[in-house]
Ligand SMILES: Cc1cc2nc3c(=O)[nH]c(=O)nc-3n(C[C@H](O)[C@H](O)[C@H](O)COP(=O)(O)OP(=O)(O)OC[C@H]3O[C@@H](n4cnc5c(N)ncnc54)[C@H](O)[C@@H]3O)c2cc1C
């Protein structure tokens, strides 16, 4: 279509699929597009959803804020708990534990990064014999270790203002919550199975979804939220898939819920095994567990056994097997179709990034919302944005597998010795020299996140920033001691996570 002729506003949006991606998109559109745009969502209960996806990252606050939803209500309705970070167990080396926390680590001074100060004392020694672990300087990490939670203070002068958090929630209830929100604001839901997709013979643009029972759902803009199958972008438009399996060999997961065991922890736990890792996500009414593994290195039976042996409470549901391939679509937006969610790509859930990538795609689509001209330059900009964002998440996930000492199985040997994407190799080299971290635009993960994982997996740099050496050692030593103490005192004054939920948002 050329932008010169008869360009009109888009008034009909069709969303194919009603999982987390479909209902997040529907809710956002219901809120942002106004009543002139009709939004129709088609989903099939018979096919169902992937049904996992229960841990999130802090930018979800922006999505909730955009919808204007009350947080306590949201937590109650989705059986949610609060998440202060992820504890990594047996990553790096067997027996090691570290937290990748949300929120800042330490406080930068005089334009110098905090980790440089800490590192200087660690590498070159100083008057303070014990500077502790770097996570001792992050309130979210210290509170997580103590099982505590409180909402951050709005006063930036307080240590409590540095607390950052996300959520764990029940995926099915989250989709239902958003469905209620979207339907109340005019989104039309159609129950039915999409049998085929009609395209314009000349332009290839999508015209309508044809349902198995003969109904047609016409639209001007189509959002493919159909999950791994990618019915519209992948199947109908033939947009290819770029595999990242050589860097991320895990290709299967078994998910299994278990009963709650004691008060919920305010963090996700990820425990590495011989050929993958297990997640543990505490909710109010149960615990979500799963095992992500490489089928080339571990049989399904062994993976299942490892998962059940690792449960810390009795299972309360059937195991669910999922297959996937890490990677992304060659394009996220083609013609009048945008893929959001699993239909657009998948990076394993080690850092809970998929729901964030859905949110990011929605925000970027809103920022470039098309008219019927479907301006090529805008579509290209969208595809470039999303591509870079996916690649940055990919690099961060690969880092977890590659950094560290584990070499105790063929799987870990592969991860340790594989060639890295150039972008990641450069980042690690910069770190190994003088602990430099240069955050790229579009990177979800801050310098503190990279630092937490690099240090957590014992990748110690050879030196530190020469500028930090100019600071008086005694002064920086005192600064470290004071900061650590203030964080410890603040954490100790917070209620337990269980108490906080009981008081404010119990389901
Ligand atoms: C093992 C695993 C663990 C994960 N953990 C996390 C996590 O902790 N955090 C996180 O952020 N993300 C996680 N994710 C990703 C997360 O689950 C997904 O990003 C999220 O659920 C979105 O899925 P979706 O809506 O794209 O697809 P789906 O949930 O698969 O939904 C697809 C929808 O399309 C419909 N559909 C498909 N075909 C048809 C048809 N022919 N006709 C009509 N309707 C159709 C289905 O009925 C369904 O409604 C995880 C994923 C996996 C595989």
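Each Cβ is built from the backbone N, Cα and C atoms, and glycine gets one as well.
According to TrEMBL, the residue from 33, 342, 365 that belongs to the FAD site alongside 18, 19, 20, 21, 355 is 342. Binding residues for FAD (18, 19, 20, 21, 342, 355) extend across at most 14 Å, taking the greatest CA-CA distance.
Only 19 of the recorded positions listed as 19, 83, 351 bring a Cβ under 6 Å of any atom of ligand 1; the order follows the sequence. The record gives 18, 19, 20, 21, 342, 355 for FAD. Within 8 Å of the mean position of their Cβ atoms, the other Cβ atoms in that chain belong to 17, 22, 23, 24, 49, 50, 53, 175, 225, 227, 341, 358. Secondary structure from DSSP puts residue 19 (FAD binding site) in coil. Here the Cβ of residue 20 (FAD binding site) has 28 other Cβ atoms within 10 Å, regardless of which shown protein chain they belong to.
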